[in-house]
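Asker: So TrEMBL says this about it:
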ACT_SITE  TYR168  active site, nucleophile
BINDING   GLU254, ASP306  Mg(2+) binding site
DOMAIN    139-200  domain 'Spo11/DNA topoisomerase VI subunit A N-terminal'
DOMAIN    249-419  domain 'Topoisomerase 6 subunit A/Spo11 TOPRIM'
REGION    1-25  region 'Disordered'
Amino acid sequence: MADKKKRLRTDPDSDSDNQTHAPFKKRLKPDSTILSILKTLKESLPSSSSITNNQTLTLADLGLSSTCREVADLDLSSVKSAIEDVVLRITKSILDGNGFTLEVPARGNANQLFVPELDRIVLKDKISLRPFANVNTVRKTTITTRILGLIHQLCMKNIHVTKRDLFYTDVKLFQEQTQSDTVLDDVSCMLGCTRSSLNVIASEKGVVVGRLIFSDNGDMIDCTKMGMGGKAIPPNIDRVGDMSSDALFILLVEKDAAYMRLAEDRFYNRFPCIIVTAKGQPDVATRLFLRKMKLELKLPVLALVDSDPYGLKILSVYGCGSKNMSYDSANLTTPDIKWLGIRPSDLDKYKIPEQCRLPMTEQDIKTGKDMLEEDFVKKNPGWVEELTLMVKSKQKAEIQALSSFGFQYLSEVYLPLKLQEQDWL
């Protein structure tokens, strides 16, 4: 009897310990309630939604076609012809005794424009000149002509190579891969085609797992049967087709560690979803793949990123585009991504311990303040509020900070509660 009374006395303490180690777990409603909320979210996306409107709305519709530039998907013969036109102009200029100068679209910050109606960054029409007979530009001009020649070879042979392959064709000239990569984007912009039209791809980086079936070069892939590591996103998006899914949403995850946690816990079976990550900075293939899923499957996209300026920056690249590739933002951006977490307000709301929070560096604070001046942040009051709180508190936290409450707290409590409360921006 005494033992029974002792057990009864310790039970309340035990409940209290559980709440300390897994705060807010008792707030969770049955999964059926959360699933009902997610179904409502999915159904709230009308068939002729803003996605379609953003697709049909162009720079020309807004009267910006003469002051901004965009590229398009071109077939290999068109790319080949465009390169030959450039070479003919160069040849004629040399034969006329004028040497030659390349006209390359300027891609610096000053030549970028955020268009609210399109909800993305576009490139303005300023041109920079690269004369071969100028000591300041001769090397970059040489690299540009070399890249043009290599791309022409790829068109002739109808083969794909990686950016690394391209770099190793002339290491002494390129010196660093960043230099050949930068000029590759210049060439894409010069020719008016997407980078994938050049048959140059990046190595596989992004991965996907969950309730998605698609064909990869004719082979059917079921992403629920790909193990914890998931399926690598094909670097050539043209290989991908026949997408089908019974998911209720797409969960976009910044970090590989969080992705692995959710994949191992089979989060996508408890709450039908597709989980995708680029393992940090978004690569072109993952951005194209995410956009394709959003448009074809008509699913809402919820994002899970670190609570720091760089997490929000990564989210903005997926949603509004990057300044580096603004010339192709029409093909690379995914509209209406919702910021699920981890947000600066979550640090106190979910009682994340002080020892799991990190002090922001001076560079972090500067980046945060700079982002507050960006038009794509200003248009979203919720983003402004969260970013202001981050800069004011001078605290940041990674997704892994939630592991202080248990390794599975992310999948078992935090995300279900976020979905239940529809706590996204």
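The backbone N, Cα and C atoms fix where each Cβ goes, and this holds for glycine too.
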Asker: Which whole-number mean pLDDT does the model give the domain 'Topoisomerase 6 subunit A/Spo11 TOPRIM' (249-419)?
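Answerer: Summarising the domain 'Topoisomerase 6 subunit A/Spo11 TOPRIM' (249-419) by its mean pLDDT gives 95.
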Asker: Within 10 Å of the Cβ of TYR168 (active site, nucleophile), how many other Cβ atoms can be counted across all chains shown?
Answerer: 12
Asker: What does the structure give for the C-alpha distance between TYR168 (active site, nucleophile) and GLU254 (Mg(2+) binding site)? Integer Å is fine.
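Answerer: Spelling it out, the Cα of TYR168 (active site, nucleophile) and the Cα of GLU254 (Mg(2+) binding site) are 30 Å apart.
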Asker: Among all chains shown, work out which of the binding-site residues GLU254, ASP306 has the most CB atoms within 10 A of its CB.
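Answerer: Comparing the binding-site residues GLU254, ASP306, the most crowded Cβ belongs to GLU254.
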Asker: Per DSSP, what is the residue tally for the domain 'Spo11/DNA topoisomerase VI subunit A N-terminal' (139-200) in helix, strand and coil?
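Answerer: Helix/strand/coil tally for the domain 'Spo11/DNA topoisomerase VI subunit A N-terminal' (139-200): 48 helix, 4 strand, 10 coil.
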